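Trainee: Attaching a single structure in structure tokens format; questions to follow.
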Amino acid sequence: MDRPAYRRVVVKLSGEYLAGSQPFGIDQPTIDRIAGDLAEARALGVEIAVVVGGGNIFRGVEVSSRGVSRPTGDTMGMLATVMNCLALEAALERRGQSARALSSFVMPEVCELFTRRAAHKYLAEDRIVLLAGGTGNPYFTTDTTAVLRAAEIGAQAVLKATNVDGVYSSDPKKDPSAKRFERLSHSQALEGGYKVMDATAFALARETALPIIVFSIAEPGSIGAILKGTGRGTIVAS
């Protein structure tokens, strides 16, 4: 077995991906497959925390034009991430992989409040920790949440799972001449304006010297492949 490149990571999953081929909601085969990938990656000996978006259920930015304030809309979106984390927690537990959802919001009947101490405890117990509720504040994306939580819990990298196998000079689905980058600095990612993550996430990663690996989650086993250094993706690092 190839030795994993990292001891502790945060995996960032988009909520939209959990919908599968559906326009919204949670596609059970998709979330079960992702749970399997995460469990296999954990079996490599890597401590894993996961941040999930909520776009498959609700997008706060979109309702701001319909009379709902941006802070309220963002809060609704953050609550959608709690639902996704609970669904993923259940999928992991069905596979025999212990997991624990921690929320930025106080909701004791639903899941425990996120603290660094709690996250460290559950990671040390071989659980996959699911980080729900975004940052708990409006105007911040779940990409930024992933970098923030990674810095807080001492993760060595953020694994940004997307539907493309890295960062490209332009949209490869529209531009056949688009160039895929093997490696970028945080500053190059910011200056290039690449849409794979928002500027706040890249800026925080640069400040905390945290590597981000952008890869495609479309192929089963891709998370484990990235951890073993055999996967295809773009490394964004200082």
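The backbone N, Cα and C atoms fix where each Cβ goes, and this holds for glycine too.
Quick caveat, the model's predicted, so the values are computed rather than measured.
Reproduced below are the annotations present in Swiss-Prot:
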type	residues	note
BINDING	LYS12, LEU13, SER14, GLY15, GLY55, ARG59, THR162, ASN163, TYR168, ASP171	ATP binding site
BINDING	GLY54, ASP74, THR135, GLY136, ASN137, PRO138, TYR139, PHE140, THR141, THR142	UMP binding site
Trainee: Rank aside, I only need the closest one: which of the binding-site residues THR135, ASN137, TYR139, THR141 has its C-alpha nearest to that of GLY55 (ATP binding site)?
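Mentor: In terms of Cα distance, GLY55 (ATP binding site) lies closest to THR141.
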Trainee: Measure from the Cα of GLY54 (UMP binding site) to the Cα of every one of the binding-site residues SER14, THR162, TYR168, then give the nearest.
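Mentor: The answer is SER14.
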Trainee: Here are the binding-site residues: GLY54, GLY55. Which has the lowest count of other Cβ atoms within 10 Å?
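Mentor: With the binding-site residues GLY54, GLY55, fewest surrounding Cβ atoms within 10 Å: GLY55.
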Trainee: Can you name every residue in this chain, apart from GLY54, ASP74, THR135, GLY136, ASN137, PRO138, TYR139, PHE140, THR141, THR142, with its Cβ inside 8 Å of the center of the Cβ atoms of the recorded UMP site?
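Mentor: Result: GLY77, MET78, GLY134, THR144, THR145.
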Trainee: Residues with Cβ closer than 8 Å to the Cβ of THR141 (UMP binding site), same chain and 6+ apart in sequence?
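Mentor: GLY134, ASP198, THR200, ALA201 - these are the non-local Cβ neighbours of THR141 (UMP binding site), listed in sequence order.
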Trainee: Rounded to an integer, what is the Cα-Cα distance in Å between THR135 (UMP binding site) and LYS12 (ATP binding site)?
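Mentor: It is 13 Å, counting Cα to Cα.
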Trainee: Are there any residues at least 6 positions away along the chain from THR162 (ATP binding site) with a Cβ closer than 8 Å to its Cβ? List them or say none.
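Mentor: Looking at Cβ-Cβ distances below 8 Å from THR162 (ATP binding site), excluding near sequence neighbours, one finds SER14, VAL196, VAL214, PHE215, SER216, ILE217.
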Trainee: Which one of these binding-site residues, SER14, THR135, ASN137, has the sparsest Cβ neighbourhood, judged by other Cβ atoms within 10 angstroms?
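Mentor: Relative to the other binding-site residues in SER14, THR135, ASN137, ASN137 has the fewest Cβ atoms within 10 Å.
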Trainee: Measure from the CA atom of LYS12 (ATP binding site) to the CA atom of ASN137 (UMP binding site) and give the result in Å, rounded to a whole number.
Mentor: 18
